[in-house]
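So the structure is just underneath, and the comments pick up after that.
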Amino acid sequence: MALYCAISNEVPELPVVSPTSGAVFEKRVIEKYIIENGVDPINGKELRVEDLIEIKTPPIVKPKPPSATSIPATLKSMQDEWDALMLHAFTQRQQLQTARQELSHALYQHDAACRVIARLTKEVTAAREALATLKPQAGIVAPQPSHQAEAGAAHGGVTAAGMSGSVVARLQERATALTQERKRRGRTVPEGLLAPDQIRAFLTLASHPGLHSASVPGILALDINPSDHSKLLTGGNDRNATVFNKDTEQVVAILKGHSKKVTRVIYHPDEDTVITASPDHTIRVWNVPTSQTTVILRSHDGPVTGLSLHPTGDYVLSTSTDQHWAFSDIRTGTLLTKVSDFSGVSLTTAQFHPDGLIFGTGTENSQVKIWDLKEQSNVANFPGHVGPVTSISFSENGYYLATAAEDACVKLWDLRKLKNFKTIQLDEGYAIKELCFDQSGTYLAIAGTDVRVYLCRQWQELKVFNDHTAAATGVRFGKNAQYIASTSMDRTLKLYGIE
């Protein structure tokens, strides 16, 4: 049986065997390889020339040494070149095999990395969707435990009945329905919503100065009936609330009962009912057709400073200088819960998130706080303002929050990331009284030294109204931003739109 060199695949003249791999080689070829690499070419183990074992074979008679110009010399040169070529080819085969193994390993790693990235991307997307409903688990500050106000004489107020399981279930059911509706609606612009260029073309359509007493001038609050945008509700310095029909230009009802000025008003979205608040410590629920009070809420021991209706239409949130927020049933007049802010300062404003499970409050020391209604705990704080917070407004998209204070700036917050992403700096000394998003979350209005309208996302100023002769105190959008209403300390209700 003939022996073949493991490198050149030729019958060796001087065969040797490697003790490490047992392979047969041509002696001169393997010696060259060992001198260059120092290892066995088959298994890569260390190998020395003296370790090679010669194999005894019948002697081959070699020709005489050729001269430099002879054919044998040429053959010898070609033999050397062949040996070098075989060594190179063998090395190339080894390197190719190694490269294939490394490439295979890299491809497996790449595939695994892609799978991990896809999974993490999916988890991040799910987390962001969860945060869109604002159940912050890791806010700017750690959640603070709630402290319900002590009942009875200790606080001089009404005993809180507590939030029953049925109330909590109703809140959750309504929030789930609203969240699903918002996701289904997506970013679709409502049909009939006016375009930015149309807002720029707005003019003053009407001015109504006779809604409140001239002897105690000033309109302090404004709201529009969500189900009938022809009806507007105002609260005045004269201690009255007025329901006005802009189409007929007639006063529908004058609501008298507060002993001090009316600072907050809400028009119920589903009923001909309005809610008012006053520094006289009370919140009143009114029946518009009869102009009579149906419920009086005495939830606070100080002036009521903030008022917001829950999306169910059955409960109201209020804040006060008594450093508490309260959650009350407007049907029965029952105080369900009353929680202390424990910051040692007055609360100045409040508003529910569109889903109703969380809400925001502003404080006299420039803090904006987000609360979990069911847990009655502070889940996030938004610092950054200077001076008392004057207004907060949640966008209908569910993740934008606008806040204003006595520092002449409006801050926009992303509730998904719990961070301030935009600050609108107004003129020095600009007194911001109220902020309001339209029902689609497309526009933001500011009432203060004047009335301004901004396009959301781009946060571009579209229009400035300077018609009031005193500070504007309230601003609201009509349906699909077809008109804008504002009130002022100059006693007037003004309407803006396209002629």
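Cβ from N, Cα, C; glycine included.
Heads up, TrEMBL stuff is auto-annotated, nobody curated it.
Taken from TrEMBL as is:
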type: DOMAIN; residues: 1-72; note: domain 'U-box'
type: REPEAT; residues: 255-296; note: repeat 'WD'
type: REPEAT; residues: 297-338; note: repeat 'WD'
type: REPEAT; residues: 347-381; note: repeat 'WD'
type: REPEAT; residues: 382-423; note: repeat 'WD'
type: REPEAT; residues: 465-499; note: repeat 'WD'
Per the Cβ under 8 Å criterion, with at least 6 residues separating them from its ends, the repeat 'WD' (255-296) contacts 218, 220-227, 231, 233-243, 302-309, 313, 316, 318, 320, 328, 330-333
With a Cβ cut-off under 8 Å, give me the same-chain residues at least six positions beyond the ends of the repeat 'WD' (382-423) that come close to it. 128, 131-134, 136, 139-140, 179, 182, 187, 348-355, 360-370, 429-437, 439-441, 444, 446, 456, 459
Could you please provide the mean pLDDT value for the repeat 'WD' (297-338)? 96
Using a Cβ cut-off under 8 Å, which residues of the same chain at least 6 positions beyond either end of the repeat 'WD' (465-499) come close to it? 190-194, 198-199, 201-209, 211-212, 214, 217-224, 229, 232, 234, 244, 246, 431, 433-434, 436-440, 442-443, 445-453
Residue counts for the repeat 'WD' (465-499) under DSSP, helix then strand then coil, are 3 helix, 17 strand, 15 coil
Helix, strand and coil residues within the domain 'U-box' (1-72) as assigned by DSSP: 16 helix, 10 strand, 46 coil
Going by DSSP assignments with H, G and I as helix and E and B as strand, what are the residue counts for the repeat 'WD' (382-423)? 0 helix, 24 strand, 18 coil
Could you tell me how many residues in the repeat 'WD' (297-338) are helical, how many are strand and how many are coil under DSSP? 0 helix, 24 strand, 18 coil
